[in-house]
Amino acid sequence: MADRNLRDLLAPWVPDAPSRALREMTLDSRVAAAGDLFVAVVGHQADGRRYIPQAIAQGVAAIIAEAKDEATDGEIREMHGVPVIYLSQLNERLSALAGRFYHEPSDNLRLVGVTGTNGKTTTTQLLAQWSQLLGEPSAVMGTVGNGLLGKVIPTENTTGSAVDVQHELAGLVDQGATFCAMEVSSHGLVQHRVAALKFAASVFTNLSRDHLDYHGDMEHYEAAKWLLYSAHHCGQAIINADDEVGRRWLAKLPDAVAVSMEDHINPNCHGRWLKATDVNYHDSGATIRFSSSWGDGEIESRLMGAFNVSNLLLALATLLALGYPLADLLKTAARLQPVCGRMEVFTAPGKPTVVVDYAHTPDALEKALQAARLHCAGKLWCVFGCGGDRDKGKRPLMGAIAEEFADVAVVTDDNPRTEEPRAIINDILAGMLDAGYAKVMEGRAEAVTCAVMQAKENDVVLVAGKGHEDYQIVGNQRLDYSDRVTVARLLGVIA
């Protein structure tokens with residue numbers, strides 16, 4: 001299918017499709033151009049079939065459209081000389097269509113999918129860094145962005161559309177990548193965005209409350225994550241045995257690799273396993289000793305906190321399962337770098353230690369505070385807020401966690417979006433036994449400044465919620481703002 005021809009593309013589904021040379025594939029009629037294939041899907045908010053006339057006017061070569069309520073599956077029509085092929089369940093088929101269009105890029109690199117509530121970004125970054133240290137040109141796709149390491153381009157969503165994902169992977173293959181670690185969101189799984197990818201390995205980090213505004217309850221959220229293993233080509237399964245959901249899944253996945261730092265592994269019951277035997281936390285990170293099916297070892301990590309030890313062990317187990325030699329992984333482990341905006345430490349002489357993290361769920365905030373406490377000789381401060389137009393139920397939970405685990409809580413704005421900022425703050429305060437305990441300051445930059453300037457030299461200030469983000473959404477505006485830049489300026493260092 002080197003020439004990207006419509007007939008070849010549709011051969012598995014519509015053998016009598018007409019021959020048309022195709023330039024690009026797009027779901028967006030606004031960018032459709034001469035020679036393109038426009039795919040008209042029915043989405044949650046819009047019916048792409050309404051934009052077929054616009055796409056034709058812009059010179060597309062062909063159209064594939066959802067058949068439901070319009071035509072029979074495989075029906076071929078013509079509009080103004082442009083073939084329109086109707087397929088039923090087009091959203092479900094889209095990943096496979098895009099895979100054929102872009103020459104099945106997941107066949108041409110080692111693709112590792114990482115799913116879970118927290119830890120996806122750090123785990124994918126560690127996987128890509130480690131494989132690159134072992135000589136593989138490596139890439140990442142996810143929350144921070146997509147691209148070869150060192151050339152990552154920011155993106156809007158953790159997992160793009162089915163077409164975007166295949167297009168991005170094809171681009172990475174063209175740039176020489178032989179390894180890619182991809183964050184796989186629950187939305188992406190439910191919406192079939194990675195349905196046709198061939199993962200070499202699939203990693204589960206953990207499951208805790210998030211996205212219930214979309215999934216409704218934890219049962220549906222868990223079911224969405226399980227799709228990676230039940231309905232996809234998942235390859236090697238790497239599962240966090242310290243998570244209750246992970247332990248349930250391990251019972252259903254006898255060939256999976258079990259990973260633990262809390263002694264949730266019985267080597268006699270698990271075929272392949274990796275577990276921490278001793279972890280020593282210190283100012284510059286942690287010393288981790290482990291045992292595994294592949295042998296024992298010790299790693300010096302520059303990452304903060306227990307959950308990052310878990311992320312590192314998951315990455316290590318994944319690479320071992322893929323055949324990377326343990327000796328080579330141990331030799332290169334000390335060169336793994338902390339991830340931008342993920343428990344990222346900023347220090348300066350005479351100033352408090354400031355940690356910037358993406359924690360924006362109750363579980364992540366608790367773990368971030370526990371991690372920061374391990375490195376804190378004085379008071380532990382926590383600056384945080386909650387996003388507007390999102391799950392309101394987590395707000396009081398996060399307030400309670402800040403009150404329990406921080407010495408000083410500063411409650412501020414996150415991305416208020418179209419909600420009233422003070423109303424969000426009040427929801428957070430409702431979870432505290434003593435609402436007067438918290439300092440309240442709506443302006444985020446002002447709140448961060450207040451905490452950093454008032455904290456003492458041996459204090460630690462955790463600035464949670466935005467991590468790597470360089471914007472704040474207020475109303476419908478996307479304003480320039482970065483916790484990292486704000487903190488660096490206050491400490492007189494470079495972000």
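Placed from the backbone N, Cα and C atoms, the Cβ positions cover glycine too.
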According to Swiss-Prot, motif 'Meso-diaminopimelate recognition motif' applies to one of these ranges: 158-161, 246-249, 414-417, 466-469. Which one is it? 414-417
Residue in ARG373, ARG390 which Swiss-Prot records at the meso-2,6-diaminopimelate site where ASP414, ASN415, PRO416, ARG417, GLY465, GLU469 also bind: ARG390
Write out the long-range same-chain contacts of GLY119 (ATP binding site), meaning residues 6 or more apart in sequence whose Cβ is under 8 Å from its Cβ. THR205, ASN206, PHE307, SER310, ASN311, LEU314
Checked against DSSP, the composition of the motif 'Meso-diaminopimelate recognition motif' (414-417) is 0 helix, 1 strand, 3 coil
Could you check the binding-site residues GLY116, PRO416, GLY465 and say which one's CB has the fewest neighbouring CB atoms inside 10 Å? PRO416
For the recorded meso-2,6-diaminopimelate site formed by ARG390, ASP414, ASN415, PRO416, ARG417, GLY465, GLU469, name the remaining residues of the chain with Cβ within 8 Å of the site's Cβ center, in chain order. HIS360, GLY385, CYS386, GLY387, GLY388, ASP413, LYS466, GLN472, ILE473
Packing count at LYS120 (ATP binding site) (other Cβ atoms within 10 Å of its Cβ): 24
With an 8 Å cut-off on Cβ distance to the GLY116, THR117, ASN118, GLY119, LYS120, THR121, THR122 Cβ center, who else from the chain surrounds the ATP site? VAL114, THR123, GLU183, THR205, ASN206, ASN311
Among the recorded positions LYS225, ARG390, ARG417, point out the residue whose Cβ has the most other Cβ atoms within 10 Å, with all shown protein chains included in the count. LYS225
The record names ARG390, ASP414, ASN415, PRO416, ARG417, GLY465, GLU469 as the residues that bind meso-2,6-diaminopimelate; what is their largest Cα to Cα distance in Å? 17
